[in-house]
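Trainee: Got a structure for you, questions after.
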There are 2 protein chains.
Amino acid sequence: MQQRTVFFVSDSTGITAESLGHLLAHFPEVKFRQFRYPFIDSIQKIEGVLQRIAQAREEDGVRPVIMMTLVDPDYRALVKQADALCLDMFGAIIDPLSAELNMQPSLGVGISHGVLGHSYHERMDAINFSLGHDDGQTNHGLDEAQVILIGVSRCGKTPTSLYLAMQFGIKAANYPLIPEDFERMTLPSILDKYPEKLYGLTIQPERLHSVRSERRPDSFYASLANCKEEVRLAESLMERAHVPWIDSTSRSIEELSTTILQKIKVKQYA
Amino acid sequence: MQQRTVFFVSDSTGITAESLGHLLAHFPEVKFRQFRYPFIDSIQKIEGVLQRIAQAREEDGVRPVIMMTLVDPDYRALVKQADALCLDMFGAIIDPLSAELNMQPSLGVGISHGVLGHSYHERMDAINFSLGHDDGQTNHGLDEAQVILIGVSRCGKTPTSLYLAMQFGIKAANYPLIPEDFERMTLPSILDKYPEKLYGLTIQPERLHSVRSERRPDSFYASLANCKEEVRLAESLMERAHVPWIDSTSRSIEELSTTILQKIKVKQYA
């Protein structure tokens, strides 16, 4: 198997550069060793990284890959001299943008912290909201929720709610569907007020059995028979209540969140 | 103020394309209207987006900007025909990588879901760990923590712990510093076992006063005098205990997390 070393070099957190590293998955036959070098904002640090790159070049016998988001043109020029494939994100995006807008970029380091325009405080508020409205722990303030996720215990509601809050600044509550709901075969009545905010998650019973068994091995709660029954009843309840739902089993939190967000966006802006 | 419309077009979640949108902040004098088009994976959807782009072109009187991560070469070619500045991330990264590796990219859509090689389940485990070890709620399992954040109440420990878990798959616990600790002027004794895992957060008293006042207005807890005193004592306690710390006041969660991660990495891999 071919091996390559990849360096993410940034004068800020490197999270933008690193997110591009996801694209490496399009070369599944290559084993990528990945190193992050955030806050590279002095000539000494640039030189340190260049040494590390030269060392990897020697060790691997092939050129390393560099993904860099450096603002300073001098530093960019220095890194480009390395014997490596240098993917300059600033060059690939800022330079053409600068030409298109007919405007010089501001060269402040690390000036880009918002997520799609959501301010830091909006995101903090959303995270606190989602934590406070996890697992149906309070009905107080549900009016403020932008989405309410429902589903059986341990189907992925909590991480999805938190991701919606952290990545998109969305106030996401979540509410478990429990045996009492299945006996009545109606949603918890508090949710009746918010039909347009509801989104369901479901999961394959085998996967649910495995997740629950980690927490409570050999319990009725975790048994495959009970997981099958709960999932069947939850899906039929959501169907009956006209709540859209999605299977979390083989989807990443990013996919789940984006899918849900599309639905909310439609409601908000259509 | 100049206005431009930006389209993030992806056949997957669009989160990679969107993270590049952070770079738009280097043009602070331009107002960017941003639209996300995830899951664009059929010719019908491509055509829908192209219509929307043409419409923005007309409304704005200037060319829109497109940031796209589309795998399918035919779809990419179609989008590039739009009257817009088209920044093709797949082209800017995958094509040069393909040449460098002398290998065709796998064209599966949405195959890149890991975060720096952390699997979905590692991230889920880390999120559950961080939620379960928020605010010192249990000492059980602290051995497993990779980092333990400490600091006064409401200084940013919870969102930072969750971000470390979600973005990097790091098991991050957090522990509040409370008046009892300041009376003794020693850290909670449970933490003595983990000196190498500790990282402190601090905050400017004025900001802390404002954050706490939202939750408990006019309380002693939220008063500026008490905030000043708690912050002073917490910093002096961390100093005395040789715990490195960072001020959260004007830093994003991304910056805080990356800084902390650098310290952990040193401990783990040096």
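Here the Cβ of each residue, glycine as well, is placed from N, Cα and C on the backbone.
Pulled these features from TrEMBL for this protein:
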BINDING   A:Gly151, A:Val152, A:Ser153, A:Arg154, A:Cys155, A:Gly156, A:Lys157, A:Thr158  ADP binding site
Trainee: From the centroid of the CB atoms of A:Gly151, A:Val152, A:Ser153, A:Arg154, A:Cys155, A:Gly156, A:Lys157, A:Thr158, the recorded ADP site, which same-chain residues not already listed sit within 8 A by their CB, in sequence order?
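Mentor: Surrounding the site, in chain order, are A:Asn174, A:Pro176, A:Leu201, A:Ile203, A:Ser248.
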Trainee: Sequence gap of 6 or more, Cβ distance under 8 Å: name the residues on the same chain that satisfy this around A:Arg154 (ADP binding site), in order along the sequence.
Mentor: A:Ile203, A:Leu208, A:Val211, A:Arg212, A:Arg215
Trainee: Looking at the binding-site residues A:Gly151, A:Val152, A:Arg154, A:Cys155, A:Lys157, A:Thr158, which ones have a CB within reach of chain B, meaning under 8 Å Cβ to CB?
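Mentor: Cβ contacts with B, in sequence order: A:Thr158.
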Trainee: Find, for the listed binding-site residues A:Gly151, A:Gly156, the residue with the lowest Cβ contact count at a 10 Å cut-off, counting only other Cβ atoms.
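Mentor: Lowest Cβ count within 10 Å among the binding-site residues (A:Gly151, A:Gly156) is A:Gly156.
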Trainee: Using the structure shown, find which entry in A:Val152, A:Cys155 (the binding-site residues) has the sparsest Cβ neighbourhood within 10 Å.
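Mentor: Across A:Val152, A:Cys155, these binding-site residues, the one with fewest Cβ atoms within 10 Å is A:Val152.
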Trainee: Across all chains shown, how many C-beta atoms besides its own are within 10 angstroms of the C-beta of A:Lys157 (ADP binding site)?
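Mentor: I get 28 for this one.
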Trainee: Out of A:Ser153, A:Thr158, give me whichever of these binding-site residues has the highest number of other Cβ atoms within 10 Å.
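Mentor: Its Cβ has the most other Cβ atoms within 10 Å: A:Thr158.
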Trainee: Sort A:Gly151 (ADP binding site) into helix, strand or coil using the DSSP assignment.
Mentor: strand
